[in-house]
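S.K.: Annotation source Swiss-Prot lists signal peptide at 1-26. Annotation comment: Swiss-Prot describes 25 as N-linked glycosylation site. The topological domain 'Extracellular' annotation in Swiss-Prot covers 27-50. Swiss-Prot lists 144-458 with the feature domain 'Protein kinase'. Annotated ATP binding site per Swiss-Prot: 150, 151, 152, 153, 154, 155, 156, 157, 158, 183, in sequence order, evidence recorded as sequence analysis.
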């Protein structure tokens, strides 16, 4: 019936068009002056206009549905791809790398005081559900603590120490000593200070060992009758990475150069590349009297490796910056200080948002952390991007022209850090992805590691192989630290 009516309307239109051609304008106008005919023409034209609009709306809705479907499908593919990467990285046969990623945590964090597996939330948000593993208890008589301070903070201090161990049970054996760092509260009578050391000890037990994470050796706790809690960790010889970059800036060797054909292009768009000598087996010099682009790439890759390990636990760092990355004399790094200071409202470089709430290192914090206090792997990724700015600028302060109190407003207005002087353009493109305001669009740390592996495999294969070989040796060395708590 509807089709028949539509057919009749079309006939009317064709008829009137034909009449317009056959008769003169005056004749046609006189014909259409008939009110009945004029009304029918208007109705037909109006209905046809409505029909065309209806068709256009249907087409628009179909296009929107297709776009939404393709978007969801793409998101699912990206999630599946991310899962595949994670599985590949955790499978030594597939990954064909060293076994440094397969070291088991020293505490089974999925079964400690938990009805629900602790992996459902970051362990530093579930610290009250963890218990100290008694296997890490150290006899204080075997520990010598020097008066030499390695560092100090609002609640605690770190001192150099020596831990003693005999190689066997015979009377003639010599006593071995291991250099360690000992963390203790400033005032053992302050309950909150002691609680902070206790919580950090439990957290480090749960994290386990990774060559790019500062490893726990043991602890002296109140369970052994001690008057104060002592946390014993690896001694990292060269202090924090930020200070190292600042001190070595004058001898830095820039290995990032313009391509030979760059003169054909305007300087602003000339392409940069690395100038590595791939004929050398060791791209990185272990001497601490040298610093070059290869070192910066190595440090950046190692931080991503360590953060990927933390994210797999999961553990959110919450305070990632180069001041919290330590450097060994063989140029391997250790990520330290897992943000527990924020829980206890330590000031200093932190600021309080609008005068209340928990303290924050504003220059490194993601916007959602400043607004909502929500810390996730993706907020750590934002901080990692800021740390890379520090890295490739050789220690420049992020947003150096902005005061602490104005950093938040500066960031939320869409201002990003500029490309550092010694940064490859492809690296900077990646860094800008870390600073996406929508955290879901920031890459995971697995993706960060994958980026560096692809980046280095193309530009510096020997450098990548050297880093991975060194990290394997560090993992083996860390595994031997258990001897110092298992032998009497």
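Backbone N, Cα and C atoms are what each Cβ position is placed from, and that goes for glycine too.
What you are looking at is a predicted structure, and each value in this text was computed from that prediction instead of being measured.
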S.K.: Give the sequence-ordered list of residues that share a chain with residue 158 (ATP binding site), lie 6 or more positions from it, and have CB atoms under 8 Å from its CB.
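M.R.: Listed in sequence order, they are 149, 150, 151, 152, 181, 182, 183.
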S.K.: Enumerate same-chain residues with a sequence separation of six or more from residue 156 (ATP binding site) and a Cβ-Cβ distance below 8 A; give 'none' if the list is empty.
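M.R.: In sequence order, 183, 184, 185, 186, 193, 196, 197 meet the Cβ cut-off.
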S.K.: On average, what pLDDT score does this prediction assign to the domain 'Protein kinase' (144-458)?
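M.R.: 83, rounded to a whole number.
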S.K.: Using a 10 Å radius around its CB, how many other CB atoms surround residue 150 (ATP binding site)?
M.R.: 16
S.K.: Which of the three DSSP states, helix, strand or coil, fits residue 150 (ATP binding site)?
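M.R.: It is in a strand.
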